[in-house]
Amino acid sequence: MAGLKFLNKEYTVAGEGFNRWLVPASALMIHLCVGMDYGMSVFWLPMSRIVGMEQGLGKALDCPADMSIFAQLFTTSCDWKVVMCSVIFGILFFMLGTTTAILGNWLEHVGPRKCGVTSCICFVSFFLLASIAMFTHQLWLAWIGAFIGGIGLGLGYITPVSTLIKWFPDRVGMATGFAVGGFGGGAMVGAPMAQALMGFFGTPTSTGLWQTFLTMAIVYCIFMLLGAFTIRVSPPGYMPKGFVPKNTGNMVDDGHGGLIEASAFNVETNRAMRTPQFWFCWGVLFLNVAAGIGVISMASPLLQEVFAGNLINLPGVPFDQLTDAQKGQVAVIAAGFTGLLSLFNIGGRLFWATMSDWIGRKNTYYVFAVVGACLYATIPTLASSLNLILFLCAVCVCLSFYGGGFATIPAYLADLFGTQFVGAIHGRLLTAWSAAGLLSPLLINIIRDMQLNAGVPRAQAYSVTLYIMACFLVVEFICALLIRPVSSKYYMTEEEVKAAKASLEDKIAHAQESGALPATKPTSAGTLVICWLIVGIPLAYGISQTVLQTMKMFM
């Protein structure tokens, strides 16, 4: 392992003259790749007709009704069902939460380069195994790949977050907004790229899937390694030039009835989990995500089934009375709506996280809860009145809150528990995301089916669900209200903090004395521009494709 020592944390500490604005670009290189998990749905339909296409049918070749699910995992004679393909998405997200919870402390110990390289190996392995699975028509291989890829997804998600927080103590919210916003933009870039590749490699007898997965594996490998090797850790005790910490409302209890600056303390990961603040934050994230996923999962069908003919100049015609061709037109408009939501999801991550630097983290979550609850409770009325513009505005603002909740929580954790172990604490907290991702869609589908079975018109079947989501946000407000300063009994002692910092400083000194640490040069303007172009061009492509798709709603 001596030959891999350049991956160690001490070899990634920035030298004199390093420009910290290179770090957000490095973070985006990683997050734009792992964020593709949001766009995996573009593969389900092509995956469900591989065999049928090969046999020249032009459609899926269904398996016999009596074939077991286990047998379908290994079959080469008939096509998989879409639901079996979508299991990949569930595995990826399950492993994301599991990985961040278990390996968060490891990240803080080894640093972002080793963690980023490990993330790259695991995430790219998923695409390679998926390519083989498509070529051999063995779905079990793709499922195994999803387990491995989910580890890479989790590591890739948390790798840049704590690093950015330590580089930008003066703009903590903005820093986390950059990191988490890039994750939200992954599908915006990756999904159009995947569709273009399938169109390029596809033939009348082939979906082009295995070539697409292989190509994406190569592209993602290059991007993620570039991000891992350009990211740098801030020197111990780093402060931006001219920055003086000031009270922005994020103060903590000193144990003697007074308050001290949030940057003056740290809470170790396991101790943080014993505080009520951690679990109130867990509840805030869980409820915010549960409500947001509720809108995401129902927004497109809600638009189609409620507005129906009104979307294509057929006012008053319900969805059930539309022809297949007309339903196709409505579906195209709904796809544009989905693109619009993705823009607000991503924009909300950067906007609200940055805004939290000005108004405070707690006030930001108050906005999410209070305004969000009002909007969720209003959406059924806006839908029933067929007020499309106000309906779109309400749903888009709700999606910005969903994205903002993700991006603001790491900064809130840094305020509460300090920056020393924020990556590991954030990793543990992300189990709330996994829990909400599993429970919220299940609850929504159960309620909708109960409504339809009770004879409720299709256009009104979502109202109860939206009211429940509004109640979620009321409870979120209570959780946010209950978050108080962390008691000093949980703080690390000065000796523990010094020991943690000294460990890294000793490793740096040893590497310098041995001559193994490469000489550092100030970051040139050219390097900075090139790195931002590397992430800026794909982002511009993704945004342009999403805007074009969204414009179909108004054409």
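Note that Cβ sites are derived from N, Cα and C of the backbone, with glycine treated the same way.
Going by TrEMBL, these are the annotated features:
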- 23-488: domain 'Major facilitator superfamily (MFS) profile' (DOMAIN)
- 21-45: transmembrane segment (TRANSMEM)
- 80-103: transmembrane segment (TRANSMEM)
- 115-134: transmembrane segment (TRANSMEM)
- 140-160: transmembrane segment (TRANSMEM)
- 209-231: transmembrane segment (TRANSMEM)
- 278-299: transmembrane segment (TRANSMEM)
- 330-352: transmembrane segment (TRANSMEM)
- 364-383: transmembrane segment (TRANSMEM)
- 389-413: transmembrane segment (TRANSMEM)
- 425-444: transmembrane segment (TRANSMEM)
- 464-483: transmembrane segment (TRANSMEM)
- 525-544: transmembrane segment (TRANSMEM)
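Here the domain 'Major facilitator superfamily (MFS) profile' (23-488) has a mean pLDDT of 86 out of 100. The stretch in 330-352, 389-413, 464-483, 525-544 that contributes the largest number of Cβ pairs under 8 Å to the transmembrane segment (364-383) is 464-483. Of the candidate ranges 21-45, 140-160, 425-444, 21-45 contributes the most Cβ pairs within a distance under 8 Å of the transmembrane segment (525-544). Against the transmembrane segment (140-160), stretch 115-134 shows more Cβ pairs under 8 Å than any other of 115-134, 278-299, 425-444, 464-483. Ranked by the number of CB pairs under 8 Å to the transmembrane segment (278-299), the listed stretches 80-103, 115-134, 330-352, 389-413 are led by 389-413.
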